[in-house]
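Here is what TrEMBL says about this protein:
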type: TRANSMEM; residues: B:6-29; note: transmembrane segment
type: TRANSMEM; residues: B:41-60; note: transmembrane segment
type: TRANSMEM; residues: B:66-84; note: transmembrane segment
type: TRANSMEM; residues: B:96-120; note: transmembrane segment
type: TRANSMEM; residues: B:140-164; note: transmembrane segment
type: TRANSMEM; residues: B:193-211; note: transmembrane segment
type: TRANSMEM; residues: B:274-293; note: transmembrane segment
Amino acid sequence: MLTLANIDVVYGGVIQVLRSANLEVREGQMVVLLGANGAGKTTTLKAISGLLHSDHGAVTAGRITLAGQDITHADPADIVKAGMVQVLEGRRVLEHLTVHQNLMVGAHLRSDRAAVKADLEKVYNYFPALPKLLDRTAGYLSGGEMQMVLIGRALMARPRLLILDEPSMGLAPILTQQLFQTISRIKREEGLTVLLVEQNARSAIAQCDYGYIMEGGRIVLHGSRESLEGNQDVQEFYLGMGAANDRTSYREVKHYRRRKRWLG
Amino acid sequence: MINLIQILIEGALVGLVYGLVAISFVVIYRASKIINLAQGEVVVVGAFLLWTFTAGAAAAGYPIPLALGLLLTFAGCVAFGWTVERTIFRPLIGQSAFTIFMAGVALLILLRGLTQLIWGAQSRSMPVILPEGALQLGPFLLNTRLLIGAVFTVVLTIALHAFFTRSRLGLRLAAVAEDHTTAHSLGVSVRQAIAVAWILGTMVATAAAVVLLSGSILSLEVAVIGFKALPVALLGGLESIRGAPLAGLIIGIFEALASAYLDPLTNGAASGLLPYAAMIAVLLIRPYGLFGWRRIERL
């Protein structure tokens, strides 16, 4: 459904952040993109959604296609129309609007009123706490409530591909778990394709069908959930299992990082 | 007592017309985060367009029916607002606030010059569009033109509020008012929203010109209304449509009271000074105005 082929992204004409990144999201899959801070995950998502421009970034090489359609340099509005919506990182609700208005902004491209109303009911079904918050100013909600509004707002656009950038950031573990369960349920019931960027690797890998690992602007490893869970490096670096626990000093960790298997 | 109430009524009616110009500030600011210092000049351009399609056309031997003249005026406004956005402010999207502020100053000077170049510096008499005279309400007199303007301001405020909170286009503009990147991510065309805001702002400014100048004298000095309405917009809150007429009422009434009671003691300076004193006081105490968007800080 979504393919990135050899994507390079440069900020400000000089800083190269993505180097020949390749990624594929198949229809109906939940794909997770993992990586340390600064690995280029958010840049990858912004490249896909056409949002690099506001950060003075640009795709300088490669091709991004959505359902066969080239969207490499497409306008964000056209990308949303084509069926892809991104929930940005950092809980960007429209702070001074009410929860209801936030949800309706999600449906601003749709004129089918009856279907919009039905979708609103669906969102309430996935997030039963929302109907009580409809008249509240979104900026004053709690983090968990904001995340519900954001995912609900994205669903109101009726996307085929939903992109989530670190939805669990700043949430309590129990909320994170509930959030991932709801995302899984939405994916299953709506036949949605999901691309997820996460720091919370354990929860993310447990829910995904396929995963990519990024480092230094490159995809360094990818595979199915089973292969990622079985991979020794993933276990040690992202799931906190195995030999990593024995290392006590930074020097040892640094030494170990140098011989990461996927870097050859 | 009757005299005092009469002063209050007059102040309130004039204040609501200030509110109308303030709404045009607010509509543009919400979408583009530009405080358009040249809004007074925009009112003048709207007024000259109105003159051209009414008295001007008649004087040139091509009389146009008033309704058509008004329609042509507002069509002209749409073209004007779109051109300003397209040629001056669109290329500056993403630039610093200072650059945009200076572009606003440049626009002010440019429009002043262009208006003079196209229409000349002489004063013109505007046709009577709104009924003249006064309505007798008990012992009080209400200026019909201002009364219609005030009612129009209130109706427009309600309509615009509904537009920004319920309609799809209005919600797009509201999203752009909040945050351009978030709006982009939701598929809102920020450029289109800003263009719509400029067109809407120019139309509201021209409506204010109709109310202010019907049956009156049109000259380049009319632009001063922009600087009279700026403190009103700041007092109401630059993002608040509903705040503009309320702040207009406050400033209008204070101005009328100052004009009646303080001006005789201050050689007429008090009423001119008061709106700006109020503006500075508001900026010191509530930088976001009475009803503007307070920055929500999460700690």
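Note that Cβ sites are derived from N, Cα and C of the backbone, with glycine treated the same way.
Remark: the transmembrane segment (B:66-84) contacts the transmembrane segment (B:193-211), by the rule of 3 or more CB pairs under 8 A. Per-stretch counts of Cβ pairs under 8 Å to the transmembrane segment (B:96-120) identify B:41-60 as the leading one among B:6-29, B:41-60, B:140-164, B:274-293. Against the transmembrane segment (B:140-164), stretch B:6-29 shows more Cβ pairs under 8 Å than any other of B:6-29, B:41-60, B:193-211. By the count of Cβ pairs under 8 Å, the stretch nearest in packing to the transmembrane segment (B:193-211) among B:6-29, B:41-60, B:274-293 is B:6-29.
Residues 21, 24, 66, 68-70, 72-73, 76-77, 80-81, 84, 107-108, 111-112, 115, 118-119, 124-127, 129, 201-202, 205-206, 208-210, 212-213, 218, 220, 222-223, 225-226 of the same chain, all 6+ positions outside the transmembrane segment (B:41-60), place their C-beta atoms under 8 angstroms from a C-beta of that stretch.
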